[in-house]
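See structure below.
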Amino acid sequence: MIVLGIETSCDETGIALYSGEQGLVAHRLHSQVATHAVYGGVVPELASRDHVRRVVPLVQDCLAEAGLAAADIDGIAYARGPGLAGALLVGGSIADGLGWALDCPVLGVHHMEAHLLAPMLEPNPPAFPFLALLVSGGHTLLVEVADIGRYRVLGESLDDAAGEAFDKTAKLLGLPYPGGPQLEALARDGDPDRFRFPRPMTDRPGLDFSFSGLKTAVLKAVREADADDATHAAIARAFQDAVVDTFAIKVRRALEQTGVGHLVVAGGVGANQALRDRLHQVAESRGAVMACPPLAFCTDNGAMIAYAGYRRLLAGERETGPVDIRPRWPMDELRVPGPAG
Ligand code: ATP
Ligand code: MG
Ligand code: FE
C-alpha cells in the first residue's frame, strides 16, 4: 500500500510517499519561513496561499523521486488539525480532489498524533506502551501512549507552548523568527552561571507546564543587563537550562508514575540537542529507552502524516464525508484505528 501524505497545518508544505513494503520512499518540504520572517510570525492568509502554490508540484517531485505514477497511490492522508483553518483546508481540499481523481480513499489525520508517531519511521521504533513528550510551536504535551490511538494526556502547558517560549525569548534577544534553533546556537557560548531563571511549576505535584512567567523573567533580565553579545548568550543559556530542567523533572516524574520503559520526544523543540541529551540521561537513569525522530522529522513534515495515515488506512479507516478540518482537536478524542474511525 502506498500512501501520499499532505501536511499544510501551518507554515510548512510537507509531502511524502510511504510504502507499506519499503517504508518512506520520497519526501519534500517547502518552508515558508522567509515569507513570514518580515512579520515576526506566521500570517495565516499568506500561509494558505503559499500552500495552494506548493502542494501539487511537490507531489509531482515526490512521485518522480520514488519512480512512481499518480495511479500507484493507494490512499491519501492529510493533516485535518489542529492548525490554521485556511491552511488545513488547502491540504484537505487537494487531498479530496486527488482522491476523487485517483479513485482512492482519503483520510484526515491528527497532526500531533503524526508528530508522536514520527519515531516509528526509524529503524528501531519505540515499543508500546511509551511516554511521549510532544514539544512544538503550538503544543506542550506529556502523553501516555498505550497504542496507536490510545492516548492519555498527563500534562500540558497552561499558557505558552515550549516552542512559543523559545521563539518569544529569541525575539527578546533580537534573534530572527523562528528563533528556537538560533537561541540554541547562541546558548552554546553562554556562561551558565551568570543568570538563573525559575523552573516553573516544578515545586508542586502534577505534570502541567507554564512558560509565560519564564518569558517575563527573561524580559526583566534583558532590560536590566547590558546588551552585549556575551550577556545575551548567557541569558539564552539560562533560559534553555530552565526549560531543559523543567522538562527533565516532569519527564522523570511521568516515567515514575506510569512505569513505562520507553520515552519518545517529538515536535520541533525535540530538535534541541541540550534537551535530547538531558532527557536521554533521565530515561537511562530510569532504565528506559529514549527514541527521537531524525531532526528533519521533528518539525513539520509530510512523512509523519503519510505514516499516521498509512496506519489508519491499513486498518480500514475511511473519511465518511467531505473534507472536515479540525483547527482545534484534543488528542484524547482519538480512537484506535479502524473502520468505525
Ligand atoms: P504544532 O505542531 O504544535 O502545530 P508547529 O508545527 O509550528 O506547531 P513544529 O514545526 O513541530 O511546530 O516546531 C516548530 C517549533 O520548534 C518552533 O517554535 C521552533 O522555534 C522550535 N524549534 C525548532 N528547532 C529548535 C531547537 N533546536 N531548539 C528549540 N526550539 C526549536
Ligand atoms: Mg512550523
Ligand atoms: Fe507541528
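Note that Cβ sites are derived from N, Cα and C of the backbone, with glycine treated the same way.
Matching D300, D324, D332 to the Fe cation binding residues that TrEMBL gives (H111, H115) identifies D300. Within N272, N301, the residue that TrEMBL lists together with L134, V135, S136, G137, G138, D167, G180, E184 for binding substrate is N272. In this structure, the binding-site residues that sit close to ligand 2, with a C-beta under 6 angstroms from any of its atoms, are D300, chosen from L134, G180, D300. Mean predicted confidence for the domain 'Gcp-like' (24-307): the pLDDT average there is 97. Nearest neighbour of D300 (Fe cation binding site) by Cα distance, taken over the binding-site residues L134, S136, N272: S136. Within its own chain, N272 (substrate binding site) has F166, G180, E184, Q240, V244 as residues 6 or more apart in sequence whose C-beta sits under 8 angstroms from its own.
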